[in-house]
Amino acid sequence: MQQDKVNLLGLNQKAIEDFFISIGKKKFHARQVFKWIHKKGVIDFDAMTDLGKNLRHKLKDKAQITIPKVVFSKASKDGTHKWLIDVGGSAVETVFIPEEGRGTLCVSSQIGCTLNCSFCSTGKQGFNRNLSAAEVIAQLWIAARTLSKTDGEHDFTVTNIVMMGMGEPLMNFENVVPAMDIMMDDLAYGLSRRKVTLSTSGVVPRIYDLLEQSGVSLAVSLHTPNDMLRNEIVPINKKYNIDELLEACKLYAQKGPHKHITFEYTLMEEVNDNLSDAEELVALLKSREVPAKINLIPFNPYPGTPYKKPSNNRIHRFKEFLQHNGFVTTVRKTRGDDIDAACGQLAGDVMDKTNRKQIYLKKLGDTNAN
């Protein structure tokens, strides 16, 4: 029985070196191939011109470099790009957001999500499976190749990665960490730990593991300073409450790359956007002595949600109070809403746990017909 070929795309530098040793080849050959794949975007062994003929033949026999198919890509009028990527009959989305001086790629880690946060459209679509390391890094590979070919008024260079797409990345730790290793490898994409940010809803034990094994920048989806409300809107809080979460955050801030934690706070009208909520948030972060930046995210409504986006006045009042109390506070701009790429809209039109396959196939058929 023929052994399955190893997909080299998802192997970090150590893993690809180990693979080359296992087939009787040298580590420096592994580094050559690693660079061809990620730095140069080459996935055909025959096109890797500095490899010997025998090595290329061996690789074709033992390995492959498989890139998922892009079902479609869209560009927004504001420069935002969105890709729908086929991952074995299901689909995930990847979004690139250009800003002055930077370009941020939002990467997915799971097909669906297990956490079922009450305000998140992805969580309402159910959970299929974790992405492999190859499927995670493929999102950056595809974006880097696509954007390098795009001309226009925007700068299409990926300078930052945020693991904030579909899924809870710390629930797919074993695949996300190797993928982030590749993102930060100088032979690949060369991003620093400060430029790669993982966003978690609060899988506390894995926060400690992340600090030990990766140390990328950390963002935490807090959304409320109140355990009672957080139990309702972020159910994982029932397992790891705010006190436990902030204890982990405090240590991460001390040893991580930024010396602070970014707290994400989705503002929902009359749910968590009152001045009393802002007061409680300030008191909480100051009492726990967690160095913090706060990113306010106005809620993006989707069909069937009971939540509403606050008025601009309520958003401004909340922000002003936090800033007045010494916290660097930003309000996330809605980007790519004309292509359903804004935060909270990821894959909402293609991921449905009752008819995911049918909707995906219809989308694929519509794309092929164009």
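Cβ coordinates are placed from backbone N, Cα and C, and glycine is handled just like the others.
Since the structure is predicted, the reported quantities are computational estimates derived from the model, not experimental observations.
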Site-mate of Gly167, Glu168, Ser221, Leu222, His223, Asn300 for S-adenosyl-L-methionine in Swiss-Prot, selected among Ser132, Ser192, Ser199, Ser276: Ser199
Cys120 ([4Fe-4S] cluster binding site) as reference: those recorded positions from Cys106, Ser199, Ser221, His223, Asn300 with C-alpha within 10 Å of it: Asn300
Greatest C-beta neighbour count within 10 angstroms, which of the binding-site residues Cys113, Cys120, Leu222: Leu222
Sequence-distant neighbours of Gly167 (S-adenosyl-L-methionine binding site) in its chain (C-beta under 8 A, six or more apart): Ser108, Ser109, Gln110, Ile111, Gly112, Cys113, Thr122, Asn130, Leu131
Env. residues of [4Fe-4S] cluster site, Cβ within 8 Å of mean position of Cys113, Cys117, Cys120 Cβ: Leu115, Asn116, Phe119, Ser121, Thr122, Gly123, Lys124, Glu168, Ser201
Spatial separation of Glu168 (S-adenosyl-L-methionine binding site) from Glu93 (active site, proton acceptor) - C-alpha basis, Å: 14
Between Glu168 (S-adenosyl-L-methionine binding site) and Cys117 ([4Fe-4S] cluster binding site), the C-alpha gap once rounded to whole angstrom: 11
